[in-house]
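Here's the structure, in structure tokens; my notes come after.
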């Protein structure tokens, strides 16, 4: 029988393979151990990726930690007081596993470390060879590199250790270079693993591992390995690309950052768009780390190759790099860069022209202002008349960038005509983008363009045949009106914009109506009381009666804007009947909006009007069928009590609570408690003791546990507004009774209330 190292009584490995022939146990019979060595060797099938390891440890062992290099499988801190204990952990990798623990012997603490090696069965070697043809990624391998430094490191980490275990005394294990070598060995093993999950794990830890490897090994080995390796998993490529963008300090700083360009160049040509975009982002990031000379020597050749590549993927990636290269190179290369970009703007492939159009405005910003017209305006003109609408729609943002860079004369001559033509583009997608960018375009065109002309362009978008365009334009109605000259604003809104708005009210598109309801109320602040009453109120009334719930909801949610302009009296006369009707709306979200609007109406209309017209609605909502309505109703009772004071609540709310207290439906009794809970924060102590506490005392005896533990919550909340003497005499006995309740939840909330109140 093999002799185990001190502290370990037994080890057993159980495979999770379904095939019984693959199962292999490790126990004392199967292990070849030497008391003076810390390595534990055993065999298992290489096809087994998951298994369970049982460790039986001696009494007194503590700080047991079993890990596979990345995951902590077992982490047991406390010592074991009696006998031995069995710990189980999952095995997920084929790499060496590290077991460390503290063994207390003869009054001395001995730190022990063991490594468990998995050695494949001989019968599995053939399986490994057959499986090599099915790998998920291919490698360009060189036979002469089969045993490079990393392989030697891996071999060294598995065979060379400094620990000794003499029979009489063991050497304590301290921190040394072997731990870092072991981590690197695990990393090397995983970065070559076929399992995507393991490989991703290693890629995410590249920066951590490479700090241990050193900058020279990173440059000479790792970067070369990543450059020569082809991966077909997009997730792997995306993570790798992101990591490489942060590698500058790990390869030796700006002087050596050019070594990262080649793998990123490869990644910038892949088919997956997200990977290419991330590669361009990383290239832009490390371009800033180059000096001008280094940029011209190393970065510009990559830009040339990408811009002239056979596949469109490389040319689209090149479009994102011009703006970081151009400011830092000499005039001759600047001229070449401009020529390359112009060529891409005329590329045969629409995807490349789209990429160029998307980056045109960004590229223009790194030009000197007096060079923009000559250098890039021809490209803007070419893209503006492109046959593909996906290209033309991107020129809107580029044209706006040009408008901020050019002087007024050139802007009016070269940019404004392009922007104006986009309003009438034959493609609805282009017009949709114009509607989305309307406010920015208005800022560019505003000073040099007649207001009536600009309004006419906008109203054309509001009348567009495509519903998506009308919807996008309607969203910007209020903001567009706000940006009009103040001296002309009211006239333009009333004479032109509201005429179109009246047509939109009866638009067959529900989305358009919903957007109109969300912005039309804001116009009241721009045109004043008189025009609001005569022009806007009829539109509001139509939208309040719209069949679409979202339209009614948007109008109700914006009533405060109208109230500021026309006042409570006019609001109550014109809109209140419709609001009262919506209080019984079939859609609970519409009713909820009305509920939440009540405190504002109360403050504007006054107590007398509110009690007469609206209070019955609020009390009816307390017994509604939808919880959200009941909950919102209890919350507004607190706000109303704060506005009208406690006596108002005593007269109007408390009698309703007394009725709900005796309701046969337990949900109504709970609503009573919810309401009292909020009222207690707005009422004084004498009101709480006289009017709220009797109801709560009665519900403490309720047959339903849910009611009883909500009574405990009420006592907790109301108790904060009661003095200590009263707490002890009135509240404490109730909570002590609830703390002995048969129901666990009731006891829990009762104890919580007692602790909160210091009882």
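The first residue you see is number 1, and the count goes up from there.
Glycine residues also receive a Cβ, built from the backbone N, Cα and C atoms like all the rest.
TrEMBL annotations: computationally assigned, not manually curated.
Range with TrEMBL annotation region 'Disordered', chosen from 92-122, 123-153, 154-184, 185-215, is 123-153.
When Cβ-Cβ distances below 8 Å are used as the criterion, the repeat 'HEAT' (536-574) is approached by residues 498, 501-502, 505-506, 510, 513-514, 516-518, 520-525, 527-529, 582, 585, 587, 589-590, 593-594, 597, 600-601, 604-606, 609, 613 of the same chain, each at least six residues removed from its ends. Sequence-distant contacts of the repeat 'HEAT' (692-730), counting only residues of its own chain at least 6 positions beyond either end whose CB sits under 8 Å from a CB of the stretch, comprise 654, 657-658, 661, 666, 669-670, 672-674, 676-677, 679-681, 683-685, 737-738, 741, 743, 745-746, 748-750, 752-753, 756-757, 759. The predicted model assigns the repeat 'HEAT' (731-759) a mean pLDDT of 87. Beyond the repeat 'HEAT' (376-414), the same-chain residues lying 6 or more positions past its ends with a Cβ under 8 Å from any Cβ of the stretch are 338, 341-342, 345-346, 350, 353-354, 356-358, 360-365, 367, 369, 421-422, 425-427, 429-430, 432-434, 437, 440-441, 444-445, 447-448.
Through the fold, the repeat 'HEAT' (454-491) approaches residues 420, 423-424, 428, 431-432, 434-436, 438-439, 442-443, 445-446, 497, 500-501, 503-504, 507, 509, 511-512, 515-516, 518-520, 522-523, 526-528, 531 of its own chain, all at least 6 residues removed from its boundaries and within a Cβ separation under 8 Å.
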